[in-house]
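Here's the structure, in structure tokens; my notes come after.
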Amino acid sequence: MFEGVFPALITPFQRNHGKNLDLDGLRSNIAHLVAAGVHGVVPCGSTGESATLSFAEHEQVVEVTMDEAGGKVPVLAGTGSNNTSEALRFTRAAKDVGADGVLVISPYYNKPNRSGLIKHYTAIADLDIPVVVYNVPGRTGQNITPDIIAELAKHPNIVGVKEASGDLGQISTIIELTRDEDFAVISGDDNLTLPILSLGGKGVISVAANIYPRPLIEMYEAAQKGDYETAREIHFKYSPLFRAMFYESNPIPVKKAAEILGMAAGPLRLPLDEASEQTTERLKEVLSRYD
């Protein structure tokens, strides 16, 4: 179910005092992505500024995403927290509105031990909804090692991992250890998507696909056909864009790029701030290559 190109959706905000949700803008962005042919969407992830959404806003974003994309493409809702009871609450809410699955970041700051991690994910998976583990040690301060992923993959509801460690050796080991399970290893880094696909990965949860979905889709489709020459050409053409998405902390650059391209984006919520003037000019230069 969770294979292909899944944009990690930005959450548009209004440029008012409260920086309220721009739900019409969210709908417009989702409709554009679905029409472009994405294989699924991910609301309320890191790119969606989930850390600064209230519980009610989190519910609203998932509900609107389901209303706009549900039945057209799978919706994988971000429901992670460093508090297991809160992650369970987010997950129940996503399940109640019909999300196809949930993306659950590993608990950040707490640094749980092995048994704590396994119990955390097991409690969420026991809610009887497909769970994709999200490993991003650069944000959480802790790496989920391949042996832990392999153990989690034995749970029938833990169906994949979004791997954003940046370590191809580790990712290769995870694919090796989970080959006998119905388990998807998904890239969490646009620039590593092609190498991960070549190892047997199943797709990407993408930042860049918010603004340029078609190249990612075409690269994925070429790789699926074994046409790695075409896939490499696309990869190298868009690598500058992939790198540009991290000129500053995600999602600062992608929201600015979306704004430049006329999409709904709006401001960021503190502690994230607007892209610097230098970043904005660098983004404009990179985007101009793809006009």
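Heads up, the Cβ atoms here are built off N, Cα and C, so glycines get one too.
According to Swiss-Prot, the site 'Part of a proton relay during catalysis' annotation covers S46, Y109. Under the heading pyruvate binding site, Swiss-Prot lists T47, I205, citing sequence analysis as support. According to Swiss-Prot, the active site, proton donor/acceptor annotation covers Y134. Among the features that Swiss-Prot reports, active site, schiff-base intermediate with substrate is placed at K162, with the record citing sequence analysis.
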T47 (pyruvate binding site) falls, by three-state DSSP, under coil
Using DSSP reduced to three states, classify I205 (pyruvate binding site) as helix, strand or coil.
strand
Y109 (site 'Part of a proton relay during catalysis'): secondary structure state under DSSP, collapsed to three categories
coil
So which of the recorded positions is most packed in, judged by how many other Cβ atoms lie within 10 Å of its Cβ, out of Y109, Y134?
Y134
So, three-state DSSP: helix, strand or coil for the residue listed as 'active site, proton donor/acceptor'?
strand
Between C-alpha atoms, which of these recorded positions comes nearest to Y109 (site 'Part of a proton relay during catalysis'): Y134, K162, I205?
Y134
Are there any residues in the same chain, six or more apart in sequence, whose C-beta is under 8 angstroms from the C-beta of S46 (site 'Part of a proton relay during catalysis'), and if so which?
A8, G78, I105, V136, R139, N250, P251
Within 10 Å of the Cβ of I205 (pyruvate binding site), how many other Cβ atoms can be counted across all chains shown?
31
When a 10 Å sphere is centred on the Cβ of T47 (pyruvate binding site), how many other Cβ atoms does it contain?
23
Row K162 (active site, schiff-base intermediate with substrate), column other C-beta within 10 angstroms, all chains, value 28
Measure from the Cα of Y134 (active site, proton donor/acceptor) to the Cα of every one of the recorded positions T47, K162, I205, then give the nearest.
K162
Pairwise CA distance, K162 (active site, schiff-base intermediate with substrate) versus I205 (pyruvate binding site), rounded so that it is a whole Å
7
